[in-house]
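Annotated in TrEMBL:
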type: TRANSMEM; residues: 6-26; note: transmembrane segment
type: TRANSMEM; residues: 33-54; note: transmembrane segment
type: TRANSMEM; residues: 66-86; note: transmembrane segment
type: TRANSMEM; residues: 93-112; note: transmembrane segment
Amino acid sequence: MDDTLRVVLTALSLLVALVALVYVVRDRSADRFLVGLVGVLFVGTLAQLVYGVSRLPDAEHDVHKVVFVLYLLGLVAVPPLAAWWARGEPSRAGAAVVVVAGLLVPFLLLRLDTLWSGGA
């Protein structure tokens, strides 16, 4: 898989988590700016989905295709679910949800890389 896209998505998701953590510390709820950052992350995960699915037929290793695609779909689902939950929660807990989502995306990307390499 493309390391550049993975590194950019990891950096972006950690930035989103850091900004959301500042919101939590300042006792602020998620606003349009934070949700907008999550939206940018969502677009990046969509790019990862398209790239991952398009590269799947050319995989050099034995990739568990169903599991790989399910992880890709889970990756794409995280940002919109976090944004929906954050906007619906009027307290700083909404921003805390974005922190968790920002930390979850790199984990899912790492897992996708492991699956792509033929790992279980």
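From the backbone N, Cα and C atoms, a Cβ is placed for every residue, glycine too.
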Long-range environment of the transmembrane segment (33-54) - Cβ separation under 8 angstroms, sequence gap at least 6: 1-2, 5-6, 8-9, 12-13, 15-16, 19-20, 23, 68-69, 72-73, 75-76, 78-80, 82-83, 86-87, 95, 98, 101-102, 105, 109, 112
Residues of the parent chain within Cβ reach of the transmembrane segment (66-86), under 8 Å, 6 or more residues beyond its termini: 29-30, 34-35, 38-39, 41-42, 45-46, 48-49, 52-53, 56, 94-95, 97-98, 100-101, 104-105, 108-109, 111-112, 115-116
